[in-house]
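First the structure, in the form of structure tokens, and then the observations on it.
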Amino acid sequence: MRTWIFFFLCLAGKALAAPQEALADETEVIEDLTTEGPVGANPVQVEVGEFEEPTEDVEEIVAENPCQNHHCKHGKVCEVDDNNSPMCVCQDPSSCPAHSGVFEKVCGTDNKTYDSSCHFFATKCTLEGTKKGHKLHLDYIGPCKFIPACLDTELTEFPLRMRDWLKNVLITLYERDEDNNLLTEKQKLKVKNIHENEKRLEAGDHTVELLARDFEKNYNMYIFPVHWQFGQLDQHPIDGYLSHTELAPLRAPLIPMEHCTTRFFEACDLDFDKYIALEEWASCFGIKEQDIDKDLVI
């Protein structure tokens, strides 16, 4: 999860912007973890009741909550039925936490703005089993807005920036990975070779002509980043194919800033089966067939 949090911070900062222009169910972008310090960490901290009069020890029997370890997908919450068994039911959208920030809002494929991803998934859950619910997905982060059509010339430029951005994200993770465990040892070894290559094009707002020349000149530097990104997305399940749901963590933050995102991913699905295989993904980024290797998805 730490990798994805950092991943989206990179998305918000760089946004794959071109020189002429300024990150199952879709995954929520931010996970908030809080940890309560143990009693005794502060020298003056005492347990409640430390100075109370001694009383007879009585063993307290605490009933285990059946929902405690029962996981429900986004849009559902756990409830206990008449047999004290946990079950997942649709969450009431009105029970979602109130959000006021514009970046908390999300846009659905129904072109409707939802107050938060919680409100979106709760609404989607209530539509389960319907045609509308089947077609409804989280489209992008932020309120709905006009997304201009992607021209053919713009579509050819998109993978140039995306490829370069993937390479730079990996290099940044590598440089900041001393204690964060953002990359595995195998991944670090692959990125190290790219990082130490003096011919590497440094991060920056480059023209598409320069990006195209660099890809041709330093083609081998881009092979692993493309495979790595596929592996980051192929998670639910890990089956060698990317569904609309699995693409969401990458698509959702990009669409408001890169209007060719949707058309690009649609074009990657060469056989129109609603899934993008590794071969289709790599081909979309210009990786040659002989260089597509499942063992690089690590």
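Note: Cβ is positioned from N, Cα and C throughout, glycine not excepted.
Per Swiss-Prot, the cysteine from Cys67, Cys72, Cys118, Cys125 that shares a disulfide bond with Cys96 is Cys118. Looking at the candidates Cys67, Cys72, Cys107, Cys125, Swiss-Prot gives Cys125 as the cysteine bonded to Cys90 by a disulfide.
Between Asn83, Asn111, Swiss-Prot assigns N-linked glycosylation site to Asn111; no such entry appears for the others, which is not proof they lack it. The record in Swiss-Prot pairs Cys67 in a disulfide bond with Cys78, which is drawn from Cys72, Cys78.
Candidates considered were Cys144, Cys150, Cys284; Swiss-Prot assigns the disulfide partner of Cys260 as Cys150. Cys125 (disulfide bond) falls within a helix when secondary structure is assigned with DSSP. Here the candidates are the binding-site residues Asp269, Asp271, Asp273, Tyr275. The one whose C-alpha lies nearest to that of Cys118 (disulfide bond) is Tyr275. Of the recorded residues, Cys125 (disulfide bond) and Asp269 (Ca(2+) binding site) place their C-alpha atoms 27 Å from one another. Of all the disulfide-bonded residues given, namely Cys67, Cys88, Cys107, Cys144, Cys150, none has its Cα within 10 Å of the Cα of Tyr275 (Ca(2+) binding site).
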